[in-house]
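**Q** The feature Zn(2+) binding site is assigned by Swiss-Prot to 567, 571, 680, 684, with sequence analysis given as support.
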């Protein structure tokens, strides 16, 4: 019986023998295609090959493509675990032809592979063709399929198109008949939705182009796109009707069972299936650079994670489980997908962190859900407001709540949920609008109507003439900004860069050409009206400015130069991080200001000193290389074809600006290709050497799964190093040491200080035990309620020393109770102890709570033999002792 790994290899090797190039799977995050959430089919990485934009050195390709369907219209999440063939992650086997072979070869290839290499009985196979595709019908007859098993289908199921317009064509599909013991009919029959006949391969004949009027013409370059689900064909070849019975899933399910100590094939099987499937999608997404977050791809990942974690909870798991299963997954799939092994530590850390955090709210959220359902009539849907509270307060995605309700035979009021979500967004918008942080956006569309789109000249010049076409003062259009007044100036053209893409806006001056003494100081520049209007925030330093005035606009050159250096350094930093940490690194945000740069990126843990050093050295290496920074304008498709990185969620027009820099000599791209290629609208240096130098200040956590690096370039970096050098000189002078000796000298001083602190602490404890540190309450033992009781107020003793003193007093007393109060700058630390023979009569917790209350504090807790707490007023120590005595005497 072949394993899934064997089946994958057989498929790829068959097509390699037929002249196909084996192309590695593309990442689950589509390269430079912000229109697509996840890679969901084999043809995604070849989209531009089919349109002729991407010219490759092969015309035949075969792949095993990683795919995820868990968002948007391709969303299998709700059904995963409950059916035999739904998955969030799956592998799509495919063969492709880009203008090379067509139907007469594609169909025989498929038939030979499945009947000879896979040895599937021919009498179990049916095929479908589009109802007008006589050519495909005849080819199927020629390879030996009886006419009775070739079914013409007139629906869109057998006609594929890339979109409303563009490449399209008929499909042919291959179905397997599992036998009459399973209900269902062949495709095209009334019973086709049954499980007897299962599609195992789809072949698309990309032969037409469709236009807006619905008409179609034949393409000059006819192509082939096929897809066969590995899990589905694997189940068939392993003699099963259920994908979860294949060798890979069995291994993952058994690992889940071992981790939870729950039978993998009993009543709880569905939970193991969910965990096994979701482990695959979450692990591969993390390996490909997606990290859990509250929006976009990261939120889809978090939804999948939390659904799996809830099913682990239903299995009774008290501790995080998912991260313990990654090793098994890597063992099963790491050979085929090496990126999984490279990212294993990151995957495990991310899963552990996310599961630990979610478990803190999972129990409370499920209790709220149960309480809400208990209060409802039987079978009534959960109100949308309650589902929204679970989402907003406890982090329950709506589909997780729906999944939990499904098991109880209940539903959720999704309209009510949507209404609650819309209400919250409306409140957030209102709060934002009232914050004073932004001028009402509507005014800028009025400005656009008046002034038109601004022509940006800043890539080529920092000084230009223009005309003030619109002025905005106090949120309204105005004809004039008076001397000393402030407002916004919009000109027909400008060299000022408007804040966007992480780069701050330019500053500078605007002068009236008619009277150059009339000067407006530009404090900021921004883009409004969907980026079409560039507005300058000004204060009139001298004179006034009127609508229609001819003006000269001049950018602050020194500031712009510093910003350019930081922005270019950010591009180099991005690539250096990817090389040092892995391809999972993806930009999550940035700030390119004049004085510093900040870069947020996906990574689950702090960088080591060695990694930080490597990243800094790599950036400086490319700065010293002094290579030319190139910018080109091209279509988004052309940009993607050359490997330019784009940000998911960014909107791109018909043309994009591509910034390239650095020539790789070692490591990634060592063949001399460009090292960094990104879609970017910002301003950059002309040569990487213009950055000067790069100093990495440190790495910190920005949010869950996102790290932040801050750095300096140019003069700021030089000044920082000079200051650090001066500080080091001061330290070496104080220590009378050479710079290389400083670390060891400081370490010795710290060790000495710690030893002295321990000695002082021990002396204080000895003094306290001898009675010398006592004040007020004394240290004599006396009986209260028949219990030997010692109470003492201590000064110069820290609260953390009290438990050790309690234990020593108890040991000396043999039997009794102790109350110690440490005066710490007016506040009090309290500890109480009771010997084991008396804990049935009196609890140290009760003594502490009484004392803490008298000291103006709240709470206090611990064990019957030892408890601690704190109070606000150490001056009330006598009252605290009396309160404890009342507990003993009561």
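The backbone N, Cα and C atoms fix where each Cβ goes, and this holds for glycine too.
Mind running through what each feature is packed against?
**A** Listed in sequence order, 502, 503, 592, 597, 680, 682, 683, 684 are the same-chain residues at least 6 apart in sequence whose CB falls under 8 Å from the CB of residue 567 (Zn(2+) binding site).
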**Q** Please work out which residue of 571, 684 has the most C-beta neighbours within 10 angstroms of its C-beta, and give that one of the binding-site residues.
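**A** Selected residue: 571.
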**Q** State the count of C-beta atoms found within 10 angstroms of the C-beta of residue 680 (Zn(2+) binding site), not counting that atom itself.
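**A** For residue 680 (Zn(2+) binding site), the count of other Cβ atoms within 10 Å is 25.
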**Q** For the recorded Zn(2+) site formed by 567, 571, 680, 684, name the remaining residues of the chain with Cβ within 8 Å of the site's Cβ center, in chain order.
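**A** Going along the sequence, the neighbours come out as 564, 568, 570, 592, 629, 659, 661, 678, 682, 683.
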